[in-house]
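What follows is a set of notes on a single structure, which appears directly below.
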Amino acid sequence: MTKLLAFAEIKDGDIRNVSFETIAAARQIDEGAEVVAVVFGNKNVEEAANQMIQYGADRAVTVTHDNLENYTSDGYTQAAMAVIEQENPDGMVMGHTSAGKDLSPRIASKLDSGLVSDITAIDGEDFVRPIYSGKAFEKKSIKDGKKFITIRPNNIAPLDQDESRSGDVASLDVEIKDIRTIIKEVVRKASDGVDLSEANIIVAGGRGVKSEEGFEPLHELADVLGAAVGASRGACDAGYCDYSLQIGQTGKVVTPDLYIACGISGAIQHLAGMSNSKVIVAINKDPEANIFNVADYGIVGDLFDVVPKLTEELKAIQVK
Amino acid sequence: MNIYVLMKKTFDTEEKIQINGGVIEEDGAEFIINPYDEYAIEEAIKLRDEHDGEVTVVTVGDEESEKQLRTALAMGADKAVLINTEDDLEEGDQYTTVRILEAYFEDKDVDIILAGNVAIDEASGQVGPRLADKLDMPYVTTITELNIDGDTVNITRDVEGDEEKIETSLPLLVTCQQGLNEPRYPSLPGIMKAKKKPLEELEIDDLDLDEDDVEAKTETVEVFLPPEKEAGKVLEGETDEQVKELVSLLKTEAKVL
């Protein structure tokens with residue numbers, strides 16, 4: 001039987017959604033495979049392991065160590081290699097997150113294996129991934145070695161949670177030592193919002209937002225929708241917001257269910273980062289703006305008039 | 001300080017993508033230095049100016065890559081190396097590139113290697129961490145600040161919008177994120193000087209590698225364009241009506257609320 005590892009990711013004590021998506025991805029690679037969840041942390045890993053099982057994993061292997069509190073390349077590599085050595089899997093799935101992007105190439109290098117990163121769909125033996133920031137797609141296959149992939153969050157639907165499902169959770173003792181990159185401090189800047197790469201809804205602002213304060217109505221709309229706030233390069237370059245919010249060919253590539261573009265003209269570099277969103281709403285004063293060419297719904301108007309009204313309308317229906 | 005930069009040429013971000021014969025059409029396309037590699041080149045030059053030493057920009061590419069290497073030299077890099085695989089390799093992947101770079105770096109005395117955190121074409125982000133592993137160096141990805149004091153290195157790293165402050169040491173590999181610096185434009189004297197700066201050209205044979213040593217682990221089965229999006233509905237009427245209609249459409253037609 002094929003054996004596939006599905007890596008859980010814990011951030012600030014909570015298991016991230018993409019963890020459950022790795023299990024669904026493993027099942028898409030091979031429906032009949034034994035899917036083994038892998039969970040690292042400094043505490044409470046059993047809880048996450050049980051959740052992974054409820055979302056479809058057959059069993060779980062955990063590694064608990066003080067040096068696994070925060071992700072470090074050295075720490076997580078030692079833990080991952082110990083699990084891989086013990087389990088000798090046929091393949092592995094990780095999220096294409098900050099940690100997954102950092103860790104997966106190193107593990108692939110250690111195993112001299114191929115790695116197909118940032119997959120949005122699985123088609124039999126082939127893996128589909130966007131290239132040129134979503135201007136095109138490619139299908140890749142792995143010629144030899146382990147099937148090792150990272151999946152883009154929010155693209156492969158997780159399996160339904162089954163709270164009655166149970167499985168073996170085994171702890172593996174690994175000495176995690178000689179960490180060469182020491183984390184001195186973590187400065188939370190994104191904690192007030194929903195993570196852009198995993199957000200189901202994104203409210204994004206462009207040059208039309210005009211100032212840092214101009215983002216305020218966008219934040220209010222995002223709060224009502226439980227959305228993340230993003231921006232175009234124009235808004236970032238103008239200093240209205242932090243570069244960490246940038247969506248586009250440089251910056252983040254996002255695929256939410258709903259993307260609301262406010263005062264964004266729709267330069268090709270920005271479209272590359274968001275045009276694969278499921279539904280796009282454009283709000284712009286300029287009826288000729290390129291963003292209307294990719295929008296499902298458009299409102300020609302001043303965002304400072306439209307956005308607050310949209311927020312009010314959404315609040316009103318939520319009360320109902 | 002021996003400073004190395006890994007560079008890749010990519011399509012200009014303005015380019016539309018067309019497919020011809022199952023591959024991306026490159027004829028007539030404008031190429032640029034991968035934008036994230038520009039941050040790496042800029043940071044390397046700043047490090048050299050602060051700590052002395054030499055900046056060498058390395059690329060695995062083809063004949064055409066010389067143009068981007070000259071641009072890097074014009075920005076202020078000291079030397080360039082083109083590992084030309086045009087005649088030897090049909091298809092490579094990140095494994096291929098890293099095997100070649102590993103062989104190149106084998107006899108080099110390296111203090112720091114800087115790379116872009118991702119290339120905007122293939123966007124795998126694998127080459128930096130894979131190479132660091134092969135060279136047994138620590139690495140830090142997506143950096144937005146870099147300070148070197150003796151052998152101690154202090155780094156700020158972007159983690160999905162949060163910041164990690166990291167302490168590590170040389171030798172080291174880092175991958176650069178937007179926000180690290182403002183890459184300079186080559187000056188006219190810089191462009192003139194760049195023409196005379198050393199540009200070494202190697203083939204994999206010069207690195208004691210043959211085709212089999214670097215055979216890709218993955219292959220591209222198909223390349224395709226996303227379905228063309230049709231222009232949607234522009235709503236009519238007063239703002240209040242438009243907003244009401246939008247919310248209703250998002251609920252009933254698009255079903256995203």
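Note: Cβ is positioned from N, Cα and C throughout, glycine not excepted.
Database features, via TrEMBL:
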- A:4-191: domain 'Electron transfer flavoprotein alpha/beta-subunit N-terminal' (DOMAIN)
- A:R207, A:232-233, A:246-250, A:263-270, A:N284: FAD binding site (BINDING)
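Feature map: annotations from TrEMBL on the structure.
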residue: A:R207; record: FAD binding site; Cβ within 10 Å: 18
residue: A:Q246; record: FAD binding site; Cβ within 10 Å: 25
residue: A:Q249; record: FAD binding site; Cβ within 10 Å: 26
residue: A:I264; record: FAD binding site; Cβ within 10 Å: 32
residue: A:A267; record: FAD binding site; Cβ within 10 Å: 19
residue: A:H270; record: FAD binding site; Cβ within 10 Å: 29
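Proximity to chain B, taken as a Cβ less than 8 Å from one of its Cβ atoms, holds for A:Q246, A:Q249 among the binding-site residues A:Q246, A:Q249, A:A267. In three-state terms derived from DSSP, A:I264 (FAD binding site) belongs to neither a helical nor a strand segment and is classed as coil.
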